[in-house]
């Protein structure tokens, strides 16, 4: 099949991106996700819904975020021009709020009064709790027991915002278990509850819906680049855990065949060690959390724990659209180890005066290789999807600094 | 013919004017040898159909009891092939008791649908319930099952309205597993009166026997459910005996405890004559 210029036609009616995606959920949830899909289709076409989103984006989230020419990093690497899409300047400090805003407005439209969410590092939990505070909705956040311990400041933030935190001790007590527990809550509370998934994964329509809400990143970046440089970039680049910030940047460029799409996965201690979170580079297709996608798993199909210094990338799967873009060759997926991300974190801080989150530090770490392979007058946009305030403690620890 | 084992069993219990007892256990919990003894005890004490749980690392539809059972089985490295081996061993001496494999899609997907269907047939598995493989996603697996006469047993729930039920029934065989509560396994019990209408609708639309499960723990509850359905499924309450055996180290207590519970449940179910 010739896919050129039809990349934006996915998913199909069955929620599939090629052979990935789908609706792999228990029967109890099927009527709910079918209903959600119907409601989302209606909202997408409703000018009032869009107007409400636009208003909140402009006056509450702080959009559009700037497109910034990273002059000193560009000089440092000596290759193509590097631009940062500054999504770390959003309210709550990351791209997560773009999606939470959309889902919470949709939940209210559907008459739901209770929002549940899973969170790893706490960024999606904080963004969800923020929107629930703003609109006066009940918020319950599921978080692995280990993460509750590691991310105390975000736990406190969520509580300040009025959310109930449920520490999850089942399984291995990490993000995937928090997602399992959120699904268990959802099958139990089917009438009043809306599940606000934090990444572009899960059963259809979540991968499409989250992508659409996050596509504000790429839509703005595309227009900003055209205005700044008078042409499209040669490459766009982002880190990938579940992949919501990356798909949000990629998607508005997806039919621009000349624009390379580059994702960077977390290689943890190195893919060869088995301790990583690189589902595309070190996993194989399987079924988890409602979709068919690349997963870290044993030979027997049991899901493995991911590892990354960045809690936001620490997930054994990846959004199904990325699996599709990889297998079709439309996007490229690189990886970056914990140590490389730590070095990039410091480099960006020193050269640009921007403390990035550890997640985008993974993309920063691969910038040198990517721009070296491009023309000097080439243009690249990297999504700086989160700020690093939340990470200063773990970075200090990794660097052996006693705070 | 495997499907006919399920059909024959429902014909038998119908002739006996009662509902079937469907018993669930987790393979490999506390170990495979004990699971085999448990299956024999369940059958001997009145279980009509046995559901063998295949452990999965992320059982998102299960409550704490079955989650822990799965983790114990995985801690002993119980694989899907081991689960089929357990079924095959039981089949060596029992050609009649239907065996249903219950679990999640990924281990089956990982082995490959064709390879799994062939191996499951060879092991004497009559049907499977894969919780996260709804009708929208099981066409490929069903095509493989058709070659080996394995039943796709589907779930219906209180959220399954009549229009949706037609989709659930299309391609289903053996029986329909009606999940009595919106929730996870082992959670609160349902009021049989509240779900009787749903069960009737499921039976009418599917034309298949309906087995009701989730939250049934004792004889009293089982007898109530037996009034409205062709079968009663009990899971977490059996699995608790494997947990006790694991904790005490006395593995022989698992088949004893499961057998005793099966005895209580089957007597209670038989006490309720079907209309």
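Positions of Cβ are set from backbone N, Cα and C atoms, glycine also.
Counting only same-chain residues at least 6 apart in sequence, those with a Cβ under 8 Å from the Cβ of residue B:51 (active site, proton acceptor) are B:22, B:23, B:24, B:25, B:100, B:101, B:102, B:129, B:233, B:235. Secondary structure from DSSP puts residue B:51 (active site, proton acceptor) in a beta strand. Residues or ranges marked as active site, proton acceptor in TrEMBL: B:51 (among others).
Feature annotation from TrEMBL assigns active site, proton acceptor to B:62 (among others). Counting Cβ atoms from all protein chains shown, residue B:62 (active site, proton acceptor) has 27 others lying within 10 Å of its own Cβ.
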